[in-house]
Every structure is written in C-alpha cells, then in structure tokens.
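Asks: Supplied in structure tokens, the structure appears directly below.
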Amino acid sequence: MAQFIRLGGYRTYVALTYIGINIVGFIVNGWVLYVVAPLLFAPAVKVPKSILFFIFALCVGDLMIMIAMFLLIIELVLGTWQFSEMVCISYLLIDSMNKFVAPIIVFLISRTCYTTVCLDKARGEKASSLKLALIQVLVAIGLLLFLLWPVFTYSQVITFYIHPNNNTMEVTVMKKCVFYPPPHVEFRFNVAACIISYAIPLLGIIYWYVSVPFFLKRRALTTLVATSSMDAALKKVIMTVLLLTAIYIVCWTPYWISMFAHHLVTMQLIIIFYFIHLLPYVSCVAYPLIFTLLNRGIRTAHARIMKDQRRRFKSLTDDASSTLRTVVKSKNSVVHTINRPQRSSLIENKPSSPDESESPKNMSSYEIMQNSTENETLL
C-alpha cells in the first residue's frame, strides 16, 4: 500500500510562498494583457508596436510558466509527482524556457528603446514595426527549442520507495520529475544557458539602457529644451534602468550560482535553494508590471481606448433604445389604424335616410378608400 508524504515542516512555508507568487503572477500578467493587447492593433498609439508585442509575448510566456508552476506546487503539497512522464517533460521544458524567454525579451526591449530613441529615424521605424518583433520572437523560440534538446532527452520521472514497513506491508512512494543528464552534458548545458540567457542579456540591458539617458542629456545641451522637463525625463529613465537592472541581478544571479553549486546542497540548505528557485518566478511578476506602469504612453493609450469603447457602448445602447421605442410606437399606430374602421362601422349602423346612405358625401373615409383601391386594382 502506497503512502504519500504529508505536508509539514519547511515544505508548508515553501508551498505557501509558491502559491502566493503563483496567484499574484496570474493576476499581474492577466492585467497587463488586458492593458496591452487592445493596443497592438489600435491606431495612433505612440508606443512602438514592437515594444507592445514584446510585452504581450512576455505576459503569454509568464502565464505558461505560472501554469507549469502550479504543477510544481502540487508536487510540493503532496510530496510526490502525480503526473505522467510526458507532463514532466512539458513542465521541465517550460521551466527551462523561463531561463531564456524573459531575459531575451527584456534584452530585445532594451535594444528597441535604444534604437528608437538614439539612432536615425529609418532604423527607429524599422525597429518599431510589429512584423520585425514577431520575426525576432519566433527566431528566438526556434533557437531555444534547439538549445533545449537535453531537456527532451534526459527528463524523466524517478520513483523512490522509502520507509518500508514489513509488518504492515506499507511503503512510502515518492516520485520526482527530474532533469538528470550525464555530468558533462549538464555542465555544458548550464554554461551555454548561463552565457546566452544571463551574461549576454545583462550586458546588453546595461549598455543600451544606460546609453539612453546619456543621449538625451547630450541632445538637451544642443537644443532649446526646458531644463526642468528634461531633468524629470532623465530621472525617470535612470530610475527605470536601475530598477530593471536590480531586479535582473537579484532574481537571476543567485539562481545561476545555485545551478553550478547544487551538488553541494545539504538538508539544512535545501529550503534556501527552494527560495532561490522561486526568484525567477518573481521576475515573471515584476517585469510586465514595470514595463506597463512606468510607461506613460501605454497607460494613456489604454485609457483612451477604454473611453472610446465606453462611448461606443453607450452609443449602441442609445441606438437600441431608440429603435425599441420606434418599434413600440409603430405597433401602437398600427393598432390604432386597425381599430378606426370599427368605429366608422358603428357610425354606419346608425339609421339614415336612403338618400343620405347613397350619397358620397356621407360615405365613410374607409369606404371611399376601399372604392379607390378597387378602382386602382382594376386599372
């Protein structure tokens, strides 16, 4: 008979923390999608379409990672992996892509910001195009899937039988979804992943984002720009750069150190490694929020679109109400017209002289209309 490991000890705190981050991740990325998605195909939006698409792709990737994180939470709560090996491979694949997708998209956003602000107009317009952004994301995903071939090959579900009891014939069954490649493959994979998804994006983010305020400062010195407004813009850019860089370093540096030092993990340090593994999930919450809240153009464009939609909805509601009132009035007029001959027939039933009944002057309007209709039909 199989028994699962009950939730208790440090696993309780780890599971609750993971659940909290997972819920916040779904809420934040869902809200950012709600803000950004309508702007992708909206006209007259000042924010480059490429940046909007990068944020959209970042949120979609983060939501997939949050779904995969939910599987990890189930494993933490139950103490064992509950799903098939195919689900295990899918989970590890999405979790591994988390190492690459978010840093690469942040890298592409920083490059696009630098190009649109600091370079000439032609290259800025090219970098702002939605088509180029889509191509860049698809190429990046294709290269990542090729790079992640060890995940397809060496991911598996391992079963452990612990605490066997010969008297009660019970045993505790624990299954783990693991990425278990040979040591040389694991080392090469971690080195390549660290360079591609950590070192290169970090250098690019620092260089391109730091170049923007210097460029704006030089341009301010050669143009007649108000000092106060330029200083405010520079402070905002510098704050954004520092915030993005700090989150990147805090969330990813401990993670990559732990990837090379995981063989040194002891039972006393395992809870620390659980929280280090949580840091990349924190970045999935932080980056979409920063790119949306700190971008005034996105907030303004979204507010304008929501205002237009409310106005359009109100117009449709008013039109529907007007149409309904017109239909009701027309029905009432039809009923009134149908009832008029009945009143005239009552008048006709009144006794009258033969001469008056034959006289056209005394014919009802309904009878005159009938006669004229019959004449027209005959003609």
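Every residue, even glycine, has its Cβ placed from backbone N, Cα and C.
TrEMBL: automatically predicted annotations, no manual curation.
Straight out of TrEMBL:
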- 15-41: transmembrane segment (TRANSMEM)
- 28-291: domain 'G-protein coupled receptors family 1 profile' (DOMAIN)
- 53-80: transmembrane segment (TRANSMEM)
- 132-152: transmembrane segment (TRANSMEM)
- 189-216: transmembrane segment (TRANSMEM)
- 237-257: transmembrane segment (TRANSMEM)
- 269-294: transmembrane segment (TRANSMEM)
- 345-379: region 'Disordered' (REGION)
- 363-379: compositional bias 'Polar residues' (COMPBIAS)
Asks: For the transmembrane segment (237-257), could you work out the same-chain residues 6 or more beyond its ends whose Cβ comes under 8 Å from its Cβ atoms?
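Replies: Counting only partners 6 or more residues beyond its ends, the transmembrane segment (237-257) has Cβ contacts under 8 Å with 99, 103, 106, 110, 190, 194, 198, 201-202, 205-206, 209-210, 212-213, 216, 276-277, 279-280, 282-283, 286-287, 290, 294.
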Asks: Which bits of the chain, at least 6 residues beyond where the transmembrane segment (189-216) starts or stops, bring a Cβ under 8 A of a Cβ in it?
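Replies: Apart from its flanks, the transmembrane segment (189-216) reaches 96, 99-100, 103-104, 106-107, 110-111, 113-114, 117-118, 147, 150, 181, 230, 233-234, 237-238, 240-241, 244-245, 248-249, 252-253, 256, 259-260.
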Asks: What average pLDDT is reported by the model for the domain 'G-protein coupled receptors family 1 profile' (28-291)?
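Replies: Across the domain 'G-protein coupled receptors family 1 profile' (28-291), the average pLDDT comes out at 86.
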